[in-house]
Amino acid sequence: MSDDHDHHDGDEHELRVSKIRSGTVIDHVRGGQALNVLAILGIDGSEGEEVSVGMNVPSDRLARKDIVKVEGRELSQDEVDVLSLIAPDATINIVRDYEVIEKHRVEPPEIVEGVLSCPNAGCITTSGEPVDSRFEVLEEGVRCDYCGTIVRDEIAALIDT
Amino acid sequence: MRHDHLITSKQLTRGDIETILDRAAEIDADPSAVADRHTNTLLGLLFFEPSTRTKMSFETAMKRLGGDVVDMGSVESSSVKKGETLADTVRVIEGYTDALVLRHPKQGSATMASEFVDVPLVNAGDGAGHHPSQTMLDLYTIRENAGLDDLTIGIMGDLKYGRTVHSLAHALTNFDAQQHFISPESLRLPREVVYDLHQEDGGAGIREHESLEEVLPSLDVLYVTRIQRERFPDEQEYQKVAGEYQIGSETLEAAGDDLTIMHPLPRVDEIAPEIDETDHAAYFDQAHNGVPVRMALLDLLLSDDGAADRLGGGSDE
Ligand SMILES: [Zn+2]
């Protein structure tokens, strides 16, 4: 099921997570954020996706990092951008036939729609109206476009799952 | 960018603000000239929270422009009680009217509502959010009394919950104004508002104080809001600060002769009645200015002769 034994040239800790044939590898996710990465991508396994997750593996760039590998799915730029909110150091590798054909860093989007829910109980978006949440991405944190609430930390806790 | 709606004072440039205030001054000088400018125009008043003054002021403004209003009545008697969403309510009433005025307890309600309608929508207060037409009448009053440039203004009282204060502070960043915010520690401006003010004018004109004393002599305008007793954890805490934030004639000994005192009203005991008869008192004028300013706003938003384009459609200023 794994071809790990063939590949001792790379980051050997990465081998704890199986190689994928085609799909996306999200690397250098901040330690402990992998499940939030899946949540933000709306991946919960119910669609039968093959997903491997490595959590808190040692890394040179980050003391501990998470890795998420999604078989059979190439992430769109939008999805990648949203990831930057909780995994600002992440690198995205698009894999086809075991080859990395594209590698890029995440970049923060200007606006995130329908992904986070506003923590302000007085905000109109939390009261059953037919609107998606919408947040402006600030240098540090996000701000609700409707009520103006700024969230700096704990953005992952706002992920609408 | 053209504005079809008035949601926050943040959306307005200096040019927009001047357009509104100039139009208000024209109307103020000769209200009869616009008495039939908007005949057959119907304004929908959607007040999900009671507000006699703001509502009556919009109603008066529309009628003085020759139009009329329809009112959804109290929330208790409306379909809101049956669980209708705000998005549905505004889409229905939009079909009856030429413009809408919305007061709603939820923050962001006006922004959301404006996304569902094509007629102009004016935010008349969205929870702790914004109240831009109040800001326009405040600015109008400040301009008449002290001018908007080279202005030193003290804004005092409950700065934490006061949406009129937040709106006004944003608008003033368009002008060369020194803003002094005076409040008890527990009622300081929300950090988010301070963050915005720093973004908007580099923070150069923003200072925070706990005492009025040190800044009073330098002020052209003192904008007073009510410190709500119920905001304090205990009565003693309130009593400790209350005196500091009440204006009586002895307070004013340290003030400049030209100091203008404003208050969005209603007041409780922030300003002693003895001040009312002095030249400092501008708060009743301020309240009266609500009508010409709202006439100007409605006129600009409702005119199909391109007047609406002047709200943000003109210069980059
Ligand atoms: Zn919000």
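Including glycine, each Cβ sits where the backbone N, Cα and C put it.
Summary of the site annotation: TrEMBL records carbamoyl phosphate binding at B:R53, B:T54, B:H131, B:Q134, B:L265, B:P266. Screening the candidates B:R23, B:R37, B:R103, B:R231 against this entry identifies B:R103 as the one listed for that site. Reduced to three states, the DSSP call for B:R103 (carbamoyl phosphate binding site) is strand.
In this structure, the binding-site residues B:R53, B:K82, B:H131, B:R226 were compared by how many other Cβ atoms lie within 10 Å of their Cβ, and the smallest count belongs to B:K82. Counting other CB atoms no more than 10 Å from each candidate's CB, the binding-site residues B:T54, B:Q134 peak at B:Q134. Across the residues the record lists as binding carbamoyl phosphate (B:R53, B:T54, B:R103, B:H131, B:Q134, B:L265, B:P266), the two Cα atoms farthest apart are 18 Å from each other.
In the three-state DSSP assignment, the secondary structure recorded for B:L265 (carbamoyl phosphate binding site) is coil. According to DSSP, B:R163 (L-aspartate binding site) is assigned to a helical segment. For the domain 'Aspartate/ornithine carbamoyltransferase carbamoyl-P binding' (B:5-144), the DSSP-based tally of helix, strand and coil residues reads 71 helix, 24 strand, 45 coil.
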